[in-house]
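These features come from Swiss-Prot:
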type: ACT_SITE; residues: 116; note: active site, nucleophile
type: ACT_SITE; residues: 206; note: active site, charge relay system
type: ACT_SITE; residues: 276; note: active site, charge relay system
């Protein structure tokens, strides 16, 4: 586990003409048409989008060997002309890439954007005190509504982020560093060097295609490990396709989360517009945030 740095660096705002590099740190690409749609959006905004050497590699279910994926990420990170790194898709693989990995110090950090399995990459940047963006990968970008796209575009150009609104489950107010990610991926990082210190953070989580009992098992692990007793507030995104199998006696995922999170004595806001299967509004991982359990809002400070 690594303590969060006291101060975080935010990459500089992007300018039209800046270079962005596509990397595939996790699973191998399948959705080539969707990838191109995402690239076209970035190019329509005036950015130069280039592809890492191995973005379309295949090694089993991975986008290349661990070393190939490390090398692509490293090359983009060290490229002085590259101002941002766009992850092509999620899947699985970031945990393997992060073995024996350290972010090299550079004069000016750059934006890294992704979600799902990319949670591991975003959390590793926390250790270096660098703000990153939890948000659409290239293969899902074209599914975003106009307001979410403009919110992404504006923030990368230096505009403040508008708050997100959900539904209040537990009242109260909390402020802290925002740590966001996929619940399943995050759970597998507990107890590793990439697990951040959760003391006084706002934890934002989402998931997809996990049965309610599996969500219960993961959240119970967070409770038993003592991590949930440290967080200041919990922001819940979308838990998409998390229904129990037909004919299987079960609670709903909402009932599970309400039961497992309702006695922590901290604000909990649910149904925020981020995650799989719908709007995936960007979240600045590592930035300061405020969770208002009375108003049902997540704001960025």
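For all residues, glycine too, the Cβ spot is worked out from N, Cα and C.
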**Asked** Fewest other CB within 10 angstroms, which one of the active-site residues 116, 206, 276?
**Response** 276
**Asked** Using DSSP, would you call residue 116 (active site, nucleophile) helix, strand or coil?
**Response** helix
**Asked** Distance between residue 276 (active site, charge relay system) and residue 206 (active site, charge relay system) at the Cα atoms, whole Å?
**Response** 8
**Asked** Where residue 116 (active site, nucleophile) and residue 206 (active site, charge relay system) are concerned, what is their Cα separation in Å, rounded?
**Response** 9
